[in-house]
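Engineer: One structure coming up, written as structure tokens, with questions to follow.
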């Protein structure tokens, strides 16, 4: 008997997405689907270690802007506006009508922006082209010492690093670090007292080494330890020691799955592996929670739209931490990120926990889910 033709993995992925995401995203799904199937948009993460002072001017001439510093300026304007609003309120306190709607809004925005202003001192700079502008960045170039001037990545991938808000001297763990874009961004802060970059895949860890050698001088590389442990066992290696932990887990990588046959998790042979992803993600997040010291902060992230891999994993981890380990973990409100970065990214407004960047034809970044947790 003739064998049935193999259905392409990309078609299987799209069928799965059409079934589940049309329910989850509703009327937004057709637009998100179109974004997933079109060319992804990139940002240029500037390499602070390279002698590349000319690069910002070069990019600005092309009409690219540093979306992070733009958001920081927005936050500062809110705070100034809030200060004016407070002064006006003080003058009118007797009337009981001191706060106009506009002042109330400024106060609300300003009240959530100080933690962001702290993270902005991180020195991370990433240039993007405006909404609707599909200009491509030139390839990165080496400086006189051979360090490349910028790293091209999905600009949304920087949001988990910004949310982590690394402070001077922090011990930082990047639990699933390869291929290395977020690891490089963490180093751009200049704040990591020590950075442990781990990935279970030895071949992917080689890619991480390549990025470190291409972008980072030796004296900074010496503050990074690269390992290939199974991240699920990390708490047995170094439990309760890190100020900040990034848990950027393996996922269905929705954009790749919809577009590329190569290494596609929707291949029939990988069905069980795909079905087990939420369990793996939960185990990695639990290891991250146990690796953080009390008072430490974590960010969990995926490049999937799936609530089963996003909010559901986070909620389950919160429940298990409390029930099995007597550890209280608090999910932080990141809605101010949505407000600050809405000019650059399209966000889903209905996440119960964390934030989700949606692909959109005019701002084709993501998908990227991130949720910040604090170990109490």
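Positions of Cβ are set from backbone N, Cα and C atoms, glycine also.
In case it's useful when we look at the structure, here is the feature table from TrEMBL:
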ACT_SITE  303  active site, nucleophile
BINDING   176, 177, 178, 179, 180, 181, 182, 199, 230, 248  S-adenosyl-L-methionine binding site
DOMAIN    67-376  domain 'SAM-dependent MTase RsmB/NOP-type'
Engineer: What does the structure give for the C-alpha distance between residue 176 (S-adenosyl-L-methionine binding site) and the residue listed as 'active site, nucleophile'? Integer Å is fine.
Structural biologist: 13
Engineer: So for residue 178 (S-adenosyl-L-methionine binding site), how many other CB atoms are inside 10 Å of its CB?
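Structural biologist: There are 25 of them.
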Engineer: Would you measure the largest Cα separation among 176, 177, 178, 179, 180, 181, 182, 199, 230, 248 for the S-adenosyl-L-methionine site and round it to whole Å?
Structural biologist: 20
Engineer: My understanding is the cutoff is Cβ-Cβ under 8 Å with a sequence separation of 6 or more in the same chain; which residues meet that for residue 182 (S-adenosyl-L-methionine binding site)?
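Structural biologist: Long-range Cβ contacts: 157, 158, 160, 161, 174, 246, 248.
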Engineer: From the Cα of the residue listed as 'active site, nucleophile' across to the Cα of residue 178 (S-adenosyl-L-methionine binding site), what is the distance in angstrom?
Structural biologist: 14
Engineer: Check the domain 'SAM-dependent MTase RsmB/NOP-type' (67-376) for me and report the mean pLDDT.
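Structural biologist: It averages 90.
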Engineer: Just the number: how many Å between the Cα atoms of residue 180 (S-adenosyl-L-methionine binding site) and residue 303 (active site, nucleophile)?
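Structural biologist: Given the Cα positions, residue 180 (S-adenosyl-L-methionine binding site) is 15 Å from residue 303 (active site, nucleophile).
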Engineer: Please list residues from the chain of the residue listed as 'active site, nucleophile' whose Cβ is under 8 angstroms from its Cβ, counting only those at least six apart in sequence.
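Structural biologist: The list for the residue listed as 'active site, nucleophile' reads 154, 157, 251, 253, 254, 255, 366, 367, 368, 369, given in order along the sequence.
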Engineer: Highest CB neighbour count within 10 A among the binding-site residues 176, 180, 230?
Structural biologist: 180
